[in-house]
């Protein structure tokens, strides 16, 4: 079974000669005590401090003390940039899904879903955080107060590399805060999984076993290398910057462990040199001809184009060859037919020659027959010419008749096409109204075969045209009315858009005014806090001055006890003056603090009054929703200020 390799967040070291700084003020396993937060205008009451629970992943302290090195110091307070895509909605949804699945699988007591985790409240976040941290510290209980300091401190103690601000704890579900917090919760879930896997996993090495099992990433757990790393780290923390002795010891142990042969090493080194030379030679060839691959690709593309052209040419040749074969077959058939006709003609000539040889006529009979044949031939020629002329006339008439018939059929086809398109034919069509608008052309019926269709088609068609024109006029009037209505609607829409734009501008102005008021209130708070701090410093300075004067007076009193009776009245008067000054100073401080509180209350009331005046205008439903949101934010600011 493979053992998963675990990389801790802050214990691993990337380089052997960096990370020289060591925090000697790091805390141990116990978390620090809670500190009092000063309040305005009230006496601070000391609350009994209670020791918190032990943290499993507290900040570790170095076991070798501070370390001196000549290679420089790197500050550990550099702010690390978060590489995670926290602005990516898909990544945030994936983190929310992981959090929801982990809570559901591990028996979270409250109902939780993807929708409820899109923008949870502070109360829900504290419940989820307490449930998750309970896996690492089962006896942990979140305090009722100052959770905004407790939660970031716990993440910092666990080694979370990115800082969580206190202000983000008040607005957990805000769009600019929730991505950072849900990413931190997913990191905490990963810590829980690692902690669980470490508790359930077996030791890496048994006694006498220098090699462990292979992990998922293919790394072998080597006890010898781990011992070497521990020794080097201890030497490094004690101030050493070179580890030649450890390297030599590790090399000898590895040779003994793997039974290394020196001759094999030499042969491997020779092979390595040969391979390096080959690599260098190939690199030089690549530098000499950097675009060789591109040229080969172009050559390959051109050759592929030539292959395609040759294939097309071969297909054309094959088709041409098939055509020639067909022509050759036709010519062979024609030759066979002509040979057969030639043979038939030869037989007929032979028969006629036999008849001529066997006939019994005289020369006069032959001349008379020839003369009659010539006359008959002339008559035949004349009749043939007359027949050709009549046939030419007949052909012209037939051609004229065919053209006229074709024109009539074309017009009828166009008429039938338009009639079908207008739904006039067949007789039961939608727009036929019971009339038969189909024209049947029968040339054999004579020249008047189309006359009867004039009364059958023209009159109903004229009526339909009149009705259609009336409907077109009505539709045109209706269209004009609709266009007028559309223009009015467009004008109304334009006016509405202008009103919406005006309302948006007013909302933006109100939002800017609200942000300005919040900024002014924050600046006023900071100013009051700085004034209070300066007053506290002045008070401490006065107390130290008074204490110093009192000690000097006591020393002088010890030195001049003999003159006590003479100066007792003067000393009493000075003490009374000092007491009066202190009392007056305390009264001034209390009065100033009260005036600061009163000024803050007046500013808050003024901001609320201006806010209510701004929100009293009835703009639209959207502005009402924005007003509700602003009221919630103002209440939250007021509660945090109190």
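Just so it is clear, glycine is given a Cβ too, placed from its N, Cα and C backbone atoms.
Remember, predicted model here, so these are calculated numbers, not experimental data.
Per Swiss-Prot, the features are as follows:
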COILED    261-403  coiled coil
COILED    458-639  coiled coil
COMPBIAS  18-33  compositional bias 'Polar residues'
COMPBIAS  63-74  compositional bias 'Polar residues'
MOD_RES   44  phosphoserine
MOD_RES   53  N6-acetyllysine
MOD_RES   55  phosphoserine
MOD_RES   59  N6-acetyllysine
MOD_RES   62  phosphoserine
MOD_RES   69  phosphoserine
MOD_RES   165  phosphoserine
MOD_RES   242  phosphoserine
MOD_RES   527  N6-acetyllysine
REGION    1-445  region 'Interaction with the N-terminus of CDCA1'
REGION    1-250  region 'Nuclear localization'
REGION    1-74  region 'Disordered'
REGION    128-251  region 'Interaction with RB1'
REGION    251-618  region 'Interaction with NEK2 and ZWINT'
REGION    251-431  region 'Interaction with SMC1A'
REGION    361-547  region 'Interaction with PSMC2 and SMC1A'
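Around residue 165 (phosphoserine), taking its Cβ as the centre, 11 other Cβ atoms fall within 10 Å, counting all chains. Around residue 242 (phosphoserine), a 10 Å sphere centred on its CB holds 11 further CB atoms from the protein chains shown. On the backbone, the CA of residue 165 (phosphoserine) and the CA of residue 242 (phosphoserine) stand 41 Å apart.
The DSSP breakdown of the region 'Interaction with RB1' (128-251) into helical (H, G, I), extended (E, B) and coil residues amounts to 71 helix, 7 strand, 46 coil.
For residue 527 (N6-acetyllysine) paired with residue 242 (phosphoserine), the C-alpha to C-alpha distance reads 55 Å. Using a 10 Å radius centred on the Cβ of residue 527 (N6-acetyllysine) and all shown protein chains, the other Cβ atoms total 11. Taken together, the residues in the region 'Nuclear localization' (1-250) have a mean pLDDT of 69 on the 0 to 100 scale.
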